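Participant: Before I ask anything, let me first share the structure, which is written out below as structure tokens.
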Amino acid sequence: MKSNIRFTLTIFMALLIFPALSFASDSSRREPPGPPPSFADSDLNHDGVLTEDEVRGPLAEDFDQIDTDGDSQLTEEEIDAFMQSHKPPEPR
Ligand SMILES: [Ca+2]
Ligand SMILES: [Ca+2]
């Protein structure tokens, strides 16, 4: 009888843990779909600037170009200025 309870507990724990594990491996394999993260989302340590290890994708690729003052940090103003100078012309 005691071993039966233990078996049930083991199954119960496995059912609890397995979905969590499969979810974790899924999310690390794929990038979530949707728009790119905002400045605030990217600023992981909330110091108001983005460092090279906080940016991904196009921001990381153009980091040196965006960082116009060369302090290895991107401010929201630097990113805005880069976006303004690199956005496609408005259709007329
Ligand atoms: Ca930061
Ligand atoms: Ca900078």
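In case you wondered, yes, glycine gets a Cβ from its N, Cα and C as well.
TrEMBL annotations: computationally assigned, not manually curated.
Pasting the relevant annotations from TrEMBL:
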type: DOMAIN; residues: 54-89; note: domain 'EF-hand'
type: REGION; residues: 25-46; note: region 'Disordered'
type: SIGNAL; residues: 1-24; note: signal peptide
Participant: In the predicted model, what is the mean pLDDT computed over the domain 'EF-hand' (54-89)?
Facilitator: 94
Participant: Go ahead and report the DSSP secondary structure tallies for the domain 'EF-hand' (54-89): helix first, then strand, then coil.
Facilitator: 20 helix, 2 strand, 14 coil
